[in-house]
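A.B. asks: Look at TrEMBL and you will find 1-13 tagged as compositional bias 'Basic and acidic residues'. The feature domain 'K+ potassium transporter integral membrane' is assigned by TrEMBL to 48-537. Taken from TrEMBL, the feature domain 'K+ potassium transporter C-terminal' covers 550-802. Among the features that TrEMBL reports, region 'Disordered' is placed at 1-25. Residues annotated as transmembrane segment in TrEMBL: 37-57, 84-106, 174-193, 213-232, 244-266, 290-309, 321-341, 361-388, 409-431, 443-465, 472-493, 499-516 (among others).
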Amino acid sequence: MHRVDIDHERDAMEQPPSPAAEQTQLESRKGTLASKFMLVNISSNLLLAYQSLGVVYGDLSTSPLYVYRSIFVGKLQNYQTSEAIFGAFSLIFWTITLIPLLKYVFVVLSADDNGEGGTFALYSLLCRHAKFSLLPNQQAADEELSAYKYGSSGQSTSCLPLKRFLEKHKKSRTILLIVVLLGACMVIGDGVLTPAMSVISSMSGIQAATEHLSHGGVLILSCIILVGLFALQHSGTHRVGFLFAPIVTIWLISIFLIGLYNTIFWNPKIVSALSPYYIVKFFKETGKDGWVSLGGVLLSIAGSEAMFADLGHFTATSMRIAFPFFVYPCLVVQYMGQAAFLSKNIDSIPNSFYNSVPDSVYWPVFVIATLSAIVGSQAVITATFSIVKQCNALGCFPRVKIVHTSKHIKGQIYVPEINWILMILTLAVAVGFQDTTLIGNAYGLACMTVMFITTFLMVLVIIFVWQKSVALAIPFLLLFGLIEGIYLSSAFIKIPQGGWVSLVLSFAFLTIMFVWHYGTRKKYNFDLHNKVPLKWLLGLGPSLGIVRVPGIGLIYSELATGIPSIFSHFVTNLPAFHTVMVFVCVKSVPVPFVPPEERFLIGRICPRPYRMYRCIVRYGYKDIQRDNGNFEDLLIQSIAEFIQMEAVEPQLSSSESPSFDGRMAVISTRSVQSSSTLLVSEEDFGISNSIQSSKSLTLQSLRSAGDDENPQMRRRRVRFRLPENPGMDPAVRDELSDLIDAKEAGVAYIMGHSYVKARRSASFMKKLVIDIGYSFLRKNCRGPAVALNIPHISLIEVGMIYYV
């Protein structure tokens, strides 16, 4: 009986489950996976929220060091009463609530460009949804990028008239670019003013505690810290980045507890100042002097734009966790406690923060305040490097050296030239003013200008990108534009008292950016209107009327279509050229990052016997152009893949169209590496190999000498050969064979060494900009060959004069 029962149970277990049971199990598995994914997502955002404290909020969290002191200066010193203190706190509370919390956290963070934020992210979104870009090098293929698409593809009819107006009038697009560049220049100005402001304010605690230390001694200590801060930039923030978040976290908790203690101990009635009634009472009492004091109140939100500018390192969700639930309460309680202390100790306003710190924790708070000031300064300096990189990618800043300091964290870069310029300017501001009130006036003007520009661009994003009605964008503009406009007008009043520094710095950088962009655009338009006619090349025949020598010639040009005039200049002055010619265009597209598999666009320029191709290498405005040493190999493989693809897909064949230029195909580097079009083998790239691949004894000695001087450049040599494929088209096989032979013979890089000059009939202003301004910048910036990582030993430069 027992055996029978066991057999019955075994049979029941072996029977397949019913469909209803399978559905239940499937749903339970889905629920388990969903819950696990949700937990992982929540924990990831919490970790990012914690890390963002050190990178994003260092500047904003140190503002309690100097806000009250900056408010009660000038004529407002006559209103140092407890009622005025209550009104000042109420102003600070509602300013923090409306702009960082309501505007940035709930609205602006939603306008990310594939996870990236900042002024250029908004401009990039606008350029992708309307023809706002002034440099006409965009192609239809760029719109196929995975990062290009944003939102719905349709267009709202209500915004079409405004869109057509902006696209039609070049002046309106120029004004838009100037506004964006002004915002970028103000951020660079922040990179000068923030370190001076934060470090001097934190170091003032020593003077408050030790009477024998003079103001000059504090200034010397501040300058030493500033020099050390800039001197350590080359090592990258990732080396000390793990310390940033704990420092700011401890700082925020400290000021929260100090604020809570002061509120309870000195004046709990300060809680009533959360009512906006005290703002009305404040302005009734102070009048115009109260309006002027808003320049000090706005310092309480200085650094808020970092939430949007540094969005690429984190997520919008992590920002929305960190600020409302941790940073915001800590700041509000600290300002409340400081106001409670000042309401009973009016004489302590000049050094309000350190005087409100209990004696028992004074020195620990001083140490953590100094470290937090350094962290806040570091974040702004890093943001300045990022802004310069983005301006450079969009053709709005001279070429500078950009060092990627981290292999794991994207966006961690170091720009040596900008770093030392910032250090010199920061020390000049610190030594020249020696007063945080004057520096704060310039700092507040720069910060509020960036916020006002963000509001203006957000209105355009709401209309053109989000495709909402103008009626929805107007309330946003009226609310935040009015508030920020009032603060900005107050900051402009402080121009004679230090605010002029922001204007001078911004005007200087804006002039550099606009002159460089103007010269670059004029040079591009000259190339565009002086392209070599394709009929001229076709009339010369496959030999081009010259000797075709073995090798590959890479002709670099900024043109995405057509043949640049440099080529005809080269051909008419030299009797020979390479058997394979590739016109290479390295360009930036209005997206933050271009995936590697979408980077290369390959096409053919003339019929197959000409062996002429085009390669467009696309980068986003935040991409780093690294010298991986495999560009030539990827290019050869991509062209081979295109040749094979062209034979399979008739629509790429040039015989169906009278034009032999313009048909491009995206060649994925991943598919190239796994493709069987060419067989790849690697061997050590030594001197003997380089000598074997060279026809000239002189070039042999030059290359071997170059290898000896640059041992780090000695990489593994990649050799290509055709697979045994009897079914391959003979014409395709011949073309691939010619490509491989040309690669074995060597690769030469041909670039134009351009001299841009204004025409004799040009206006005086144009001659000043082109002949003096642009020429000076071009001579003192990095050469295009260095910026593009072109090997010097293989470079051929052709002199060209551009009369624009």
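Yeah, the Cβs are placed from backbone N, Cα and C, and that goes for glycine too.
Automatic prediction, not curation, is the source of TrEMBL annotations.
Each of the listed features needs to be described in terms of its position in the shown structure.
C.D. replies: Below 8 angstroms of C-beta separation, residues 241, 243-249, 252, 303, 306-307, 310, 313-315, 317-319, 321-323, 326-327, 375, 379, 382 of the same chain, each at least six residues beyond the ends of the transmembrane segment (37-57), sit close to that stretch.
Beyond the transmembrane segment (213-232), the same-chain residues lying 6 or more positions past its ends with a Cβ under 8 Å from any Cβ of the stretch are 195-196, 199-200, 203-204, 206-207, 240, 370, 374, 377-378, 381, 419-420, 422-423, 426-427, 430-431, 434.
The list of residues near the transmembrane segment (290-309) in space but at least 6 beyond its ends in sequence, with Cβ under 8 angstroms from a Cβ of it, reads 56-61, 63-64, 66-76, 79, 87-88, 91-92, 95-96, 99-100, 104-105, 108-109, 117-119, 187, 194, 282-283, 319, 323, 331, 335, 376, 379-380, 383, 386, 440-441, 443-445, 447-448, 450-451, 454, 486-487, 490-491, 493-494, 499.
Away from its own ends, the transmembrane segment (499-516) comes close to residues 178, 181-182, 184-186, 188-189, 192-193, 295, 391, 395-398, 425, 429, 433, 439, 441-446, 449, 491-492, 769, 773-774, 777 of its chain (Cβ-Cβ under 8 Å, at least six residues beyond either end).
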A.B. asks: Any chance the transmembrane segment (244-266) and the transmembrane segment (321-341) are in contact, meaning at least three CB pairs closer than 8 A with a sequence separation of 6+?
C.D. replies: yes
A.B. asks: Between 84-106, 174-193, 321-341, 472-493, who has the most Cβ pairs under 8 Å to the transmembrane segment (409-431)?
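C.D. replies: Stretch with the highest Cβ contact count: 174-193.
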A.B. asks: Same chain, outside the transmembrane segment (174-193) by at least 6, Cβ under 8 Å from its Cβ: which residues?
C.D. replies: 119-120, 122-123, 126, 132, 134, 166, 305, 309, 380-381, 383-384, 387-388, 390-391, 396, 422, 425-426, 429, 439, 442-443, 446-447, 449-450, 453-454, 456-457, 501-502, 505-507, 509-510, 513-514, 517
A.B. asks: Return yes if the transmembrane segment (472-493) and the transmembrane segment (84-106) have at least 3 CB pairs under 8 Å (sequence gap of 6 or more), otherwise no.
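C.D. replies: Since 3 or more Cβ pairs under 8 Å link them, the transmembrane segment (472-493) and the transmembrane segment (84-106) do come into contact.
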A.B. asks: With Cβ-Cβ distances below 8 Å as the criterion, list the same-chain residues six or more beyond the ends of the transmembrane segment (361-388) that contact it, or say none.
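C.D. replies: Contacts with the transmembrane segment (361-388): 54-56, 58-62, 65, 118-120, 184, 187-188, 190-191, 194-195, 198-199, 201-203, 205-206, 209, 225, 229-230, 233, 237, 244, 247-248, 250-251, 254, 258, 303, 306, 309-310, 354, 397, 400, 411-415, 418-419, 422, 622.
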A.B. asks: Find the average pLDDT over the domain 'K+ potassium transporter C-terminal' (550-802) in the predicted model and report it.
C.D. replies: 76
